[in-house]
Amino acid sequence: MSEEQEKKDKPEEAPAVDPEREAKLKAAAEARAARQAAKEKAEAEAAEAASPEPKPPSPKQPQPDRLVALVRQAAGDDAIMESYLNELNGDMPTLVIHNKHWRSIASMLKEHDELRFNYLRNVSGVDYETHMEVVYHMISLESKQEAAIKVRTERDAASVYSATPVWATANWNEREIYDLLGIDFPGHPDLRRIMMPDDWVGHPLRKDYEPLDSEV
Amino acid sequence: MIRTEELLLNVGPQHPSTHGVFRIVVKLDGEVITEATPVMGYLHRGTEKIAENLNFTQIIPYTDRMDYVSAMTNNYVLVHAVETMMGLEIPLRAEFMRLIVMEMQRVASHLVWWGTYLLDIGAMSPFLYAFRDREIIIDLFNELCGARLTYNYMRVGGVKWDAPPGWMDKVRDFIPYMEKKLQEYDKLVSGNEIFLARIKGIGQYDAATAIDYGLSGANLRCTGVDWDLRKAEPYSLYDRFEFDVPLGTRGDCYDRYRIRLEEIKQSLRILKQAVEQFPQGGETMGKVPRAIRPPAGEVYVRIESPRGEIGCHIVSKGKAEPYRLKFRRPSFVNLQLLPKLLVGETMTNLITILGGVDIVVGEVDC
Amino acid sequence: MGAWLSEPLTWGNALVMFLWGVVFLGIVLGFVTYAIYFERKVIGWMQLRIGPNRVGPFGLFQTVADILKLLVKEDTIPRKADRFLFILAPALAYVPAFSVLVVLPYTQNLYFADLNVGLLYYVALSGISTLAIVIGGWASNNKYALLGGMRSAAQMISYEVPLVISVVGVILLSGSLNLRDIVEAQAGGWFWNWNFLPQIIGFVVFIIAAVSELNRTPFDLPEAESELVAGYHVEYSGFRFAFFMLSEYVYVYAIAALTTVLFLGGWHAPAPFLDFVPGILWFLLKFACIVFFLFWIRATFPRIRVDQLMGLGWKVLLPVSLLNVFLTAVYLELFIKN
C-alpha cells in the first residue's frame, strides 16, 4: 500500500521542485567555488607574509630540549625522527620516534628522575594513510610536565611495542587500537579484540576500511 | 573424594547491577571469584568512526550519548578541544553558563551514582530520593535546552541558548535545597552499620596502583592523590572559584563514597559563587567563522568529568570534519583495574566494587 | 472450638473440618493479596511514590490482577531442568508454609489445633521450606538459582538455631510448648506481663532470626536482586513463581502471628481497662504492627553480605540466645522456684 502511495506522490512533486532547485544549487556551487578561490589566495598571501618573521621561542622551550637530550642519550641519536612544540595544544612537547626505540624510551620516560612521566593519560592510534601513529599523552603528576610521544610505524604489518609493561593503563587502550586500527602490540599480555566481536573482519577505523555489508 | 569444579558465571550483559550492558565473566570457587574477565562492546556504536564524516557541530549530539549521565561535560570537552585548536575567544556569559551547567550536571551525576550504588547494596529507597532531586536539575536543563538527558547544549564558541528569564533564580533556590537534602541523606545512609560493613575496606588499592592504571576522578583521589583537573590544570573559569578537592586515605569503596558526596557539596559551593558572579548582560556566542575548520594539527584537551579525566584528542587536516577523533573515556580507563581487584572477592563484593567504580557503559564502549 | 475439636472423627466432622480448612485458606490468600498491596503502598509512600492506584479504587485490585496474570502466564520449564524436582519445589515450599498456621491460636477460643508441641511442630515444618528452595535452585539448572539455593540453605541452617534457642526462654517461663498455654502465661492485665519485656534479649534475637528466616531485607540474600538477579526462583514463571511468592507471604503471616503469640501477649489487652475490646482485635492489631515492621525495614535497610550474615548468626545471635536461656534459668531457679 505504501509503495502505491509513493508512486502516486512522486510524479506530482518532482517537476514542481526541480528547475528552481537546480538553479539554486548551481548558484550555490559557483559562489562556493569563488569563495574558495578567494580564500586560498588570501591564505597564500598571509603565509608568504608571515613566514619570514621568526616566532619568539616558547617559554616552555627548555623542557622539550632536555627531553630530547635525555631520549637521545637513552636510545641513540637516530631515535627521534622529529621533535616540536605543539603550538595548538599549549606548546605541548611532542616527539616522533621510531618503533624500534620505543621500548627502551618508554621505560626511561617513566623511570628517569628528571622526567617521571608516571601517569599515562591517553593512547590513541591514528591512520595517516601513509603510515600509522600511536600517540601516548603522558604527564608527571609531581612536576605537571607533559609530553606527547608519537610512535610511528608502517601501515602494512603495523606494529608498535606495547607500553603495557611500563604503564598498566595502556592495556585496554592498546587493545582498542589493535581492534579498531589493526596495529599489533608485541609484548602486550592479552591482545584481543575489545569493542568489535571476536570474529569481525577488518579494522573499522582504518581509512581504507570497507564494511563487509554495505547496508549496515 | 567429592568432585568439585569451578563455576563459570556470566554476569551481564543483562544483569540488574552492571549499569547497562557491561558483562563480566567470573570464575567462582563457591562464592569466591578466582578470575574475572570483563567483556565490552555491547554498546559500541563507533562514535569515533561516525565522527570522521561529520562536521564538529554535528558531532556534539554524539558526545551526549557517550556518557549519558553527564552529557554536559562531554559537550564541553569536544567544543573545548575545537576552541583550543582555533584559538577562539568565548564570551564571559557563555563560559559562565557552561560552568554552571557542568557543575549542576556533576551534582546530578553523583546523585544518580549515589542512588544506584545503594540500590546495588540492597537499599532501594535512596534511589528514589536521589532521583527526585536529580529531577529538579533535569527540569532546569529541560527549560534551558529542551532535553532531559542528551542536551546538545554547547556549541563551538559558546552555548546555544541563553538562560530563560528566572532560570538563574531557580538555580539559586536549588542550591540551599540540595545542601539541606544532602545533609539528610548523609544522616539517613552514611551511618548505617550494614552499609558501612559492606563498603569499608572493600576494593582497596594504593596510590601507586591507581596512578599506574591511570585511574582518575574519585577512583584516584580516594587513595589520597590530589589530582582534580579543575584545580591541577584549571580550564574554563574554575580558577575564579573557591572549592576544595576531597581526598581519601584508604582507597576503599567507603572513601570513594565519601568523596563523591563531598564533591556534590563542593559543586554546590562553586555553583553558589558562579550564580553570584554571573554577568548581567553579554553574548552567549562568540565570534565564530561560518564554517568551523580547525587548522591542521592536533590537540589533546582534558577536563574533569564526574567520572574522572575525560579527554578529547583531535587530529585535524584543516577540514570541517576531524581526521581522527579520539575520546579518552574515564569509565573505560577506570575499569581496567577491576579484574585485578576482584580476585579473591565474593560475588557480593563484585557488585560493591563495580558500583564503586561508577561506570557508564555508553562511555566505556563509546 | 476446643470441645468441638476433641470430638470423635466421623465423616460429618471430617467434612466440616475440611470446609474450615478451605475457609481458612481463603482467609490466608486474602491476607497475602492485601499484604502485598499494603507493602507496595507503604513502601511507595516511604519512597515518595503513590504505589498501585490504577486497578480498582485506590488500586485495591492490583494484586488480584497480578495474580490473574501470573495464573494465565505461560508455564516455562527450562529444557535442561530436572523436571520432576522443578515441579515439586514450589508445592513443597507452600505445603509446610500453610501447615504451620494450624497451631496458631487467635483468641482463647479460636484456634485450629491444640497441639502440645505446637512450637516444635512449627519449627520442624518450616524447615522443610528451605529444602524446597534448595531443590528449586538446584533443579532450575541455572547458576544464579544454584547460588541462591545454596545461600538459602546456609542461611536457614544458621538462623534456625538461634531462632529456636531464643524461644527457649519463653518456654521456660510458661512451662509449655503449647502456644495457647504460652499466651495464657502472659496474662496479668498489663503489657509488662507480656514476654517481650522479661525476655527482651530473646525477643530481639527472635526478631532478627525471624526476618532472616523470611528471606526479607536485610537478609534477602537468596534472591538478592542486585547480585543474583532473582536467586533461586530466577527460572520460575507463572503460577510456579506465584507459589514461591505465596509461601513467602504466608510465612510473613505465620511469623507475625507467632511473634504476637510468643512475645506480645496474643489476644491480651495491654491494660486492664481496655479489656472490653475483643481479644481478636488486639491480636490483629499486634499482628498488623509486626507486618508493618517487616515492610518498614524492607524500605530502610541495605543488604548484608553472606559472610557477615554467617558471622552474625553464629558468633552473635547464637551465644546471645544461649546466654538468654542461661539467665532465664538462673532467674527461675533463684526467684520463682521457691
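FYI, residue positions are counted from 1 along the chain as it appears here.
Every residue gets a Cβ built from N, Cα and C, even glycine.
Bear in mind that TrEMBL entries carry predicted annotations, made automatically and left uncurated.
Under the heading transmembrane segment, TrEMBL lists C:14-37, C:84-107, C:119-140, C:161-179, C:191-211, C:250-270, C:276-297, C:309-332.
Comparing C:84-107, C:161-179, C:276-297 for CB pairs under 8 angstroms to the transmembrane segment (C:119-140), the maximum falls on C:84-107. Counted over residue pairs separated by six or more positions, the transmembrane segment (C:276-297) shares fewer than 3 Cβ pairs under 8 angstroms with the transmembrane segment (C:161-179), which leaves the two as not touching.
The largest share of C-beta pairs under 8 angstroms with the transmembrane segment (C:84-107) comes from C:250-270, of the ranges C:161-179, C:191-211, C:250-270, C:309-332.
Beyond the transmembrane segment (C:309-332), the same-chain residues lying 6 or more positions past its ends with a Cβ under 8 Å from any Cβ of the stretch are 154-155, 158-159, 161-162, 165-166, 168-169, 172-173, 199, 201-202, 205, 208-209, 212, 219, 221. Cβ atoms under 8 Å from those of the transmembrane segment (C:191-211) belong to residues 159-160, 162-163, 165-170, 173-174, 182, 218-219, 255, 258-259, 262-265, 268, 270-271, 294, 297, 312-313, 317, 320-321, 323-324, 327-328 of the same chain, restricted to positions at least 6 beyond its ends.
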